[in-house]
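Participant: Quick paste from Swiss-Prot:
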REGION    1-115  region 'Disordered'
COMPBIAS  13-36  compositional bias 'Polar residues'
COMPBIAS  37-63  compositional bias 'Low complexity'
COMPBIAS  64-89  compositional bias 'Polar residues'
COMPBIAS  90-107  compositional bias 'Low complexity'
REPEAT    152-202  repeat 'WD 1'
REPEAT    208-246  repeat 'WD 2'
REPEAT    249-548  repeat 'WD 3'
REGION    341-544  region 'Disordered'
COMPBIAS  341-365  compositional bias 'Low complexity'
COMPBIAS  366-377  compositional bias 'Polar residues'
COMPBIAS  388-408  compositional bias 'Polar residues'
COMPBIAS  417-434  compositional bias 'Polar residues'
COMPBIAS  435-485  compositional bias 'Low complexity'
COMPBIAS  486-503  compositional bias 'Acidic residues'
COMPBIAS  504-513  compositional bias 'Basic and acidic residues'
COMPBIAS  514-543  compositional bias 'Low complexity'
REPEAT    560-599  repeat 'WD 4'
REPEAT    602-641  repeat 'WD 5'
REPEAT    645-683  repeat 'WD 6'
REPEAT    686-727  repeat 'WD 7'
REGION    745-775  region 'Disordered'
COMPBIAS  745-769  compositional bias 'Low complexity'
REPEAT    794-833  repeat 'WD 8'
REGION    926-986  region 'Disordered'
COMPBIAS  930-984  compositional bias 'Low complexity'
Amino acid sequence: MYEYYSTGKIRSLPQQVDSNGINSKPMNSSPSTPIPNNNNNNNNNNNNNNNNNNNNNNNNNNNRNKSQQSFYLNNNNRNCGFSSPTKPQYNNNNNNNNNNNSNYNHSYGGGGGGTTSQFQQHHLHPVNRKPPKFKISYSVKNTLNNTIIPDRHCFGVNSLAYNHRKSILYSAGRDSTIKSYQIGGGDNDNDINEKNEYGFKFKKSFNDHTDWVNDLFFNDSNILVSCSSDSTIKIWNTDSERCVNSLKFHDDYVKVLAYAPKANYFASSGLDSHIKIWDLSICSISQSFSIDNNNNNNHNSSSNYNQFGDTSILKHITNNSQPTNKINNCNINVVNGNINISTNNNNNNSSSSNNNNNNNNNNNNGQTNTHENTAETSDSEGSKDDNQLSSVNKNGIRSNLSNNNFRNIDNIDEYTPPSSVLNHTPKILSSNGRNVNNRENNNNNNNNNNNNNNNNNNNNNNNNNNNNNNNNNINNNNHENNGNVDVDDEDDDDDDDDDDDDDCNKNKKKYDDNNNNNNYNNNNNKKNNSNDNNNDNNNLNKKFSPMFGSGSYLVGKSGGEGISIYSLAIAQDASFVVSGSTERAIRGWDVRSGQKIFKLKGHTDNIRSILLNDNSTRCLSASSDGTVRLWDIGEQRCIQVFDDLHTDSVWTLATNDSFSHFFSGGRDGMIFLTDLKTHQSRLVSRENEPILKILNNQDDQSIWVSTTSSTIKNYGLSNFYDKNQSIDNNTTNCGSISSEILYNNNNNNNNNNNNNNNNNNNNNNNNNNNREKLSTINEDSNGLQVDEPKIKIQGRAGIIKNQVLNNRRQVLTKDNDNNVQLWDITKGKEIESFGKVDFDKKLEEFNEVISIPKWFQVDCKTGSLFISLESPLCFSADAYQTNLGLTPTEDSLINIGESILYSLFSKWIMGYNLIQLNATTNKDNELNHSNDSVNSSLSSNTSGDNNNNNYNNYNNYNNNNNNGLQKSSSSSSIVSTNSTTPNSGRPLIEIMAKKSIFHLPSNTDVVISDETSGLVLYRSRIEEFTGREQIKIIDWLYNCLETSAIPIKRDNQKISFSVEVNEKIPQNLNAPYYIQVRKICDHVLNNFFINPNNNNNNNSSVNNDLPKGEEFFEICLQNKILLPHYTLGTVKSFFWKQNSTIPLTARVKAQYINETELVKYLKQLSLNHNKK
């Protein structure tokens, strides 16, 4: 992993794979291997610059170390999973002496001509990893009369992607889901989702995110990548319709993604100000893991994705031999805790003209033995050719992993938080056992080194035309002196402006030279290498940092602390990435060197969208300042400002493939189509909500539009423009409004001179005028036609307000259509919808006088109702069934959270119990050699009543897995409760029968997540549990289900009160909060009237058949009669909010005024009962 900051400096964050493949152990240097100092590093770099010809010619210099460097762990990047500072030693074993490496900073991530003085070592403190914190959530369905509302988005839709081959639209919603829709004719006519009037049908909902899905893109390999405010990036296989990887490396919301199709890399960024670049060919490797406890090699291929994700319950294992990665001109050898890195610097930024003369003569003499299973390369055997990649896919990326890299774990001790188990550390890359040195060496000799020579020999080998282009760009470094007003001259209050400008000036010439050289070389390669289909891809990957070889990623900060990145664009070959942020500036980063190469200033507010053309020479940016700017990347200046289109923030841009038109939309709800050649603009649509995303579909000349509402629209553009023509000015009633003068006459003349060799000749012709004109729509003009949408995908209302009622089982909600609904979370469904009524009045109407402790949390941020359970909070509420609206034959005390868990995992309990019984009977079968007895025991044990041998074994199993946490029986000085004590001898089915008070719908979604990492570990419906899911790692859940042990004691929440009877001295008592007033009446009846001299409060067995005390007595607090179902907690919360003892008074009801007769009657009843 690499990290670079606003200063342009780089540091390396190496990662270590332990014996089980987990990135959790520090990489300590070998005690016997000395660690080089920094002075030697500088000397080595100088020697490399001065004596590179000799180094290239001498391939026998195998023991020479290049620019060895000690690296230390970044404590801020805690998601790497390291626990202590690291000092890996980086050695070069002459594996990469093929190519000239002048001016190359051999520090990990170098390659941009930097020196070791630019490298910063960080001595940081250890990282303390937090233990996993599990959370169980379940959905409450928005159903009425058992009719499920169609699966549609609620709230806004942040992003869109389109599969042109299959005509499938993917939408990323603020409801945490990604939904796919078949547009027009599909490949599955038997789909249960019927098409509607617009000719589309719903296909699939991807639900693994837990917060807003902010962006997504789709590539040609049917891989969908999404990012979310839950700080994760998820890789989806749209063919199997499941998540194959979850990347949790951002520290905050991930807001934007950018994809480079030629390199198959993508960039991500967000509110943590980091830019990370990933190798999608490695990230998208399917990780289908088994959750079968009895078969670790069985991969679950269920479309419901019934598995603990790809990173949670499983650990990444490697072989005892440490892996060696060889990709993108880098060898990474992990041996005995040391990392040895040999980097081959195909430095495109080299300024020395004499360093590449002997490149074609340099080849490695060593041989590489690649083993399919171990992928281990011995240092003594040499390495592969420097230009070789490990197993090439269609994009030229090699990314084959060895088999059996993952397995299950069965207990919490082996669990490792998902952030450290990701498949983005140095991993086993192979070419399936084939030795590819010969072919790669030939390519290197014949073609690839020619490209290296062309890239490096700017002064000697480029033709005249290329030199002209270089001169054009080089002169732009000093365009301030030529009368041009550089955008960087605008005022900016950033503290790092001076450093940024210096860094940009240092790297600008290098970037411009390389950019032109790459264009020249690409043309050269087409002529010289037409017979080699893989050569272009190989050359493409040679210029990247060696991080991609290990499946790692690039990390950079844009603007320093407190800067949030909202927009991102990457060149199609991933050569550089551009970011826009709250810094109000556009920063460009060279992926090859990891350094900032330019900074474009001009916007006055947050930059919300950035687009690059195909050859990365032009850039469009949209900002919250209401403007759209067109930039020249080579000249690093703004060449046009579109400031008269929108009246508010511009949030999204879209363009066609030729970059001749662009669409813009924003907070004002207006969508404009602008011609970049003629600067003519036309209004396409006016929405009622702010525009979040515009997706241009050139296949049918339409655009997809999403807004802050939940509706997605498609507008046809056949009446607006031909994709091959400019906007028809004759049919567009536009008023010509002059734009702001960006440049004076001298500037325009200079611009024309400097842009002679650029690809935008039409733009240069327009610059002949003294000032550029921008034609925009006059909204009041006649003839303006705004078309109705061709397709409309309706959304649904989402919950925006909720209130948990006092009974802690019902929730009142209000959606964005102002509809008020009542939900019962113990039933898992909607009870009633009241329509558009006053929320507060309904709340007052349904909120009863009752107090039950909080035991769950409500999550409505995605528009749907989810209930979250965490330990020990979920076990905090005990209540009698009558207080929960139930009508049981016996009013027993239950723990609400425990009963909900039994309902959620009822299918798991049944399946797990049968598996355990089956395993036990199989053991008995081996001992008794009797198949008949086994069959009979299996049939009889289905109900869990027979086979003592099985139960004995089951007892031992439970005792071994019990953590010692037992459920406390509730007790007080008044009454003993019916609390269930755990009995490990009973099978789980028998326990479930008594504990399953609530019955949730079988289609209720159950989600298990780790709050520490923010990843979803498991998602399933109740009916889909099999009993093989490894929930043992959640100890509090497993103990609750198996032994009824909960990590909280009921007796620790007692309330003090006193009872005064017949104006006698009050009796001071205390009892748990859940004791009802009727229990106090029973206490008064028994202890003051029937057995006044009996001090033993445990008389319930004697007086069960006697009348209830509530028939004769009433309990009062300050002359207010308390209802029998009130609990002490209710009395304390509503009627006595002081911290002192509650003074209660017991009095005989009015119909029993003669207290003496009442006493005689009660005593007679007691005597008759005792005689019986």
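Heads up, the Cβ atoms here are built off N, Cα and C, so glycines get one too.
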Participant: Out of 208-246, 560-599, 645-683, 686-727, what stretch is closest in contact terms to the repeat 'WD 8' (794-833), meaning most Cβ pairs under 8 angstroms?
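Facilitator: Looking only at 208-246, 560-599, 645-683, 686-727, the most contacts with the repeat 'WD 8' (794-833) come from 686-727.
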Participant: For the repeat 'WD 2' (208-246), give the DSSP counts of helix residues, strand residues and coil residues.
Facilitator: 0 helix, 22 strand, 17 coil
Participant: Within the repeat 'WD 8' (794-833), how many residues are helix, strand or coil going by DSSP?
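Facilitator: Per-class counts: 0 helix, 23 strand, 17 coil.
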Participant: In the repeat 'WD 7' (686-727), how many residues does DSSP put in helix, strand and coil?
Facilitator: 0 helix, 19 strand, 23 coil
Participant: Within the repeat 'WD 2' (208-246) only, compute the mean pLDDT.
Facilitator: 91
